[in-house]
Amino acid sequence: MADNRAKTRVAVAGLGAIGTDVVKALDQGIEGLTLVAVSANSPDKHRGWVAELKSAPKLVPIGQLAEIADIVVECAPSTLVRSIVAPVVERGKTAVVLSVGALLQNEDLVDLAKAHGGQIIVPTGALIGLDAVTAAAVGTIHSAKLVTRKPVAGLVGAPHLVGNNIRIEGITEPLRIFEGSARDAAKGFPANLNVAVALSLAGIGPDRTRVEIWADPTVTRNTHRIEVDSDSARFSMMIENIPSENPKTGRITALSVIACLRKLRASLRIGT
Ligand SMILES: NC(=O)C1=CN([C@@H]2O[C@H](COP(=O)(O)OP(=O)(O)OC[C@H]3O[C@@H](n4cnc5c(N)ncnc54)[C@H](O)[C@@H]3O)[C@@H](O)[C@H]2O)C=CC1
Ligand SMILES: O=C([O-])CC(=O)C(=O)O
């Protein structure tokens, strides 16, 4: 029997490490979804390969995405989150947000979504275990902690390092460069610590979630360990992410977005 249900229209904002893989997966086909538009900072750089996609999405400025699509996937620099997400949720549509850290400076976006029947979806991204954290949060979480270790290349240039004159180039031993709340981690490492904010939003919030960050010349992978203690379970989990062509971003991040999109309309849905 033919399936005549309309496909949900998806757009992708930002064609970097994450966006490019998500676009290619959508073009190959995800149940119930169709790719209709993409946005890039330098459209001319991307016109060639985008035109060759089967789905032939429009290449448009981010301001046009909310009109064209039902779901907009934000894979752009964190400074653009507001301009991408606000017009989407204002129309009662869905925004998938990767630059999660920026949600802390734009908390009213959630209220905006609520007022208009829109939705903001944060995929597990580079992290592990948000299914268990959201489940534990239905009960009471006593504590949640993230310990992140990254190679130097995944951290250089972070505002916390620049602002405090912390030099990590050339270190030969692991160096703890930050200890504090997820909120402060997001301010000091806006392009590196989205995972801390995702953990905090799943669990006990950005002020109670504790974060340690290590610049570690002995690791080649972006490594995140979460430790949660709650009235239903105690758990610790670790993920060692192979960096993508963007050393700050683990390869699994794009795969997590693709898995999240597959779940939206899948006939069988596994996990919380
Ligand atoms: N939630 C999570 O677990 C993770 C989140 N992230 C975050 O996701 C976001 C995307 O990450 P990546 O793909 O690795 O970054 P990237 O730097 O590789 O890609 C971002 C792309 O956005 C483009 N862009 C800039 N201005 C634009 C504009 N006005 N219109 C359209 N495109 C524009 C850039 O040219 C670039 O191609 C970042 O904010 C990053 O911090 C990254 C890794 C994990
Ligand atoms: O937290 C992030 O934004 C990215 C990250 O650590 C990773 O990809 O492992």
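Each position is counted from 1, following the chain as shown.
Here the Cβ of each residue, glycine as well, is placed from N, Cα and C on the backbone.
Of all the Cβ atoms in the protein chains shown, 24 others lie within 10 Å of the Cβ of His224 (active site). Feature annotation from TrEMBL assigns active site to His224.
A simple way to gauge crowding: the CB of Asn194 (NAD(+) binding site) has 27 other CB atoms within 10 angstroms, across all the protein chains here. What TrEMBL lists as NAD(+) binding site is Ala126, Asn194.
The domain 'Aspartate/homoserine dehydrogenase NAD-binding' annotation in TrEMBL covers 14-123.
Feature annotation from TrEMBL assigns domain 'Aspartate dehydrogenase' to 171-258. Model confidence over the domain 'Aspartate dehydrogenase' (171-258) is summarised by a mean pLDDT of 96.
Annotation for Ala126 (NAD(+) binding site): same-chain Cβ neighbours under 8 Å, separated by at least 6 residues, are Asn194, Val195, Asn222, His224, Ile239, Asn241, Thr249, Gly250, Ile252, Thr253, Ser256. In the three-state DSSP classification, His224 (active site) falls within a strand.
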